[in-house]
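Feature annotation from Swiss-Prot assigns S-adenosyl-L-methionine binding site to 135, 157; the stated evidence is sequence analysis.
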């Protein structure tokens, strides 16, 4: 199983934004939609070996974490266009209004789609037994990293990135790696990682 853990620093946690202007009104949920597209969609098929956690930390009621579980997801639920994916996120946020407190309990919204009040740190703890990698400039060249055959998890930020506090939290538990010398779009990083794992035969 491949896991991607994405921190969405400003993504709204309620449906108080316009679908006609996702970049300008949603805290860049459009970036999350593209990241999900890159995580799951191939040209003529759908990746069932992927799990994605997105922790939304924007207004008005952070945090909200949405988990997308590839083995249970139906491709018709997560269509490749941004608008369709945004509507799935909205459905999860609306369902998440019923969650109270800081519980890590998840609520299934659709087959393979779950929402919770988990923090970014909760998600990391939940995946602590995975082989954790954090995508950051200055990390080890991904081409030179020897990945295990399974249970790999990749942690990355949105356009804002991970904070210094996040990186300190991850020290000693996640290996810092990089796909190149520049800052890349989250969706592009996920695509690159997926392609690289395909190439080297990691399921």
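The backbone N, Cα and C atoms fix where each Cβ goes, glycine too.
Long-range Cβ contacts of residue 157 (S-adenosyl-L-methionine binding site) within its own chain (separation 6+, distance under 8 Å): 6, 7, 9, 166, 186. The Cβ of residue 135 (S-adenosyl-L-methionine binding site) has 154, 155, 156, 177, 178, 179, 189, 193 as same-chain neighbours under 8 Å, each 6 or more residues away in sequence.
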